[in-house]
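Asks: Here's a structure for you.
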Ligand SMILES: NC(=O)N[C@@H](CC(=O)O)C(=O)O
Ligand SMILES: [Zn+2]
Ligand SMILES: [Zn+2]
């Protein structure tokens, strides 16, 4: 199958400018990129792009697909469709399912289901400890052999430093990244649901202090130092955590970090009222933290963006601020939100944003995706940079409608997504 994406634009990596180009897809690969390719080839299908932007398929190294066990929140089928609609072609899913992804069979089952569902490439992340209980390590070698790309107990922090140290030693031997949800439970109070700051104070809500994150970041950097492990910090949110990662990187330690769109765009001051749509872990922190996260993303201290797409049911999110589960969805809004609020405002260049959502996560995890190049896998996302649209959660393909961004307007909507040369999502009616 030969497919020509005609009259598109691509990002010139040397100038950062948009240049007119066609992309010829042959089978699973990008065969050619250049102007007016139509003159020289016969193809099976021509897709007219009308000047829209062709990007490498986006990569999200932190999402929750909820299957097995929590299919009311999301399934592999709905989550990967949501990914495709958001322009993501590769997603890494966290192991806090039921059962927890702590067995090779579960890893294989997720990969098999994802292959059938077909919306996006799914890379399972397996648990560090059995049941993510923080006690007994899982069998990293067997999990890797089954296809796990990393280990994480996301959802909870590994409380015992001895367990974490042993995990790092074993992961280093197998060259598996240790992906850490950083949270020290000894610093938490029951019912803690928002940052321990002005909003918590105003509404009399129990707060989550920044140190509960940073103390694990610091601890883990120390523990990882002599092991040579690739240590990755999930959803970094606090200034102190950023400072610790920066120091580790300055010594050449193999530490990476991700930040979510919501921590880049929102802070505690933006929470209108005690509304569980603004409840996520880690919480929205101070304005100062948000500014530091953006600076750190720009200067490379924070490597890339991951959504932490965390779907929950309407019923669960209708509970009170202390009772509702943590987490918000992100796959279907990440690119337009960040394009509109970081690129169009001049805080990041388009090339920076795209790299931090494709090339860099791929490089950090050694994946052969994330760039638009001849000869590479044809994972592609076409984006409309012009049309402004409003976010309507009812239109999400994800089962989760839990977003604090409902009603926000933006540009930069993905309109066409190709996975290994096949169209996996295409926008039908404008405005949907
Ligand atoms: N981030 C969240 O608020 N929630 C995540 C868990 C997690 O990522 O720690 C979830 O699984 O719902
Ligand atoms: Zn987490
Ligand atoms: Zn998560």
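Residue positions begin at 1 at the first shown residue.
Keep in mind that glycine also has a Cβ here, set from the backbone N, Cα and C atoms.
What TrEMBL shows for this protein is this:
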DOMAIN    51-239  domain 'Dihydroorotase catalytic'
BINDING   62, 64, 154, 308  Zn(2+) 1 binding site
BINDING   64, 65, 66, 96, 281, 312, 326, 327  substrate binding site
BINDING   154, 181, 235  Zn(2+) 2 binding site
ACT_SITE  308  active site
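Locate each feature and note its surroundings.
Replies: Under 8 Å, Cβ to Cβ, and six or more positions away along its own chain, residue 154 (Zn(2+) 1 binding site) finds 62, 94, 95, 96, 125, 132, 179, 181, 234.
Neighbour list (residue 64 (Zn(2+) 1 binding site), Cβ cut-off 8 Å, at least 6 residues apart, same chain): 73, 74, 79, 93, 94, 96, 308, 309, 310, 311, 327.
In three-state terms derived from DSSP, residue 181 (Zn(2+) 2 binding site) belongs to neither a helical nor a strand segment and is classed as coil.
All chains included, 28 other C-beta atoms sit within 10 angstroms of the C-beta of residue 308 (Zn(2+) 1 binding site).
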Asks: Just to be sure I understand the contacts, which binding-site residues have a Cβ under 6 angstroms from any atom of ligand 2? Candidates are 154, 312, 327.
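Replies: The qualifying binding-site residues are 154.
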Asks: For residue 62 (Zn(2+) 1 binding site), just count the other CB atoms lying within 10 A of its CB, please.
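Replies: Other Cβ atoms found within 10 Å: 27.
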Asks: Taking the recorded Zn(2+) 1 site as 62, 64, 154, 308, identify the other residues of that chain whose CB atom sits within 8 Å of the mean position of the site's CB atoms, giving them in sequence order.
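Replies: What remains near the Cβ centre is 63, 94, 155, 234, 235, 306, 307, 309, 310.
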Asks: Residue 281 (substrate binding site) to residue 235 (Zn(2+) 2 binding site): how many Å between their Cα atoms?
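Replies: On Cα coordinates alone, these residues lie 8 Å apart.
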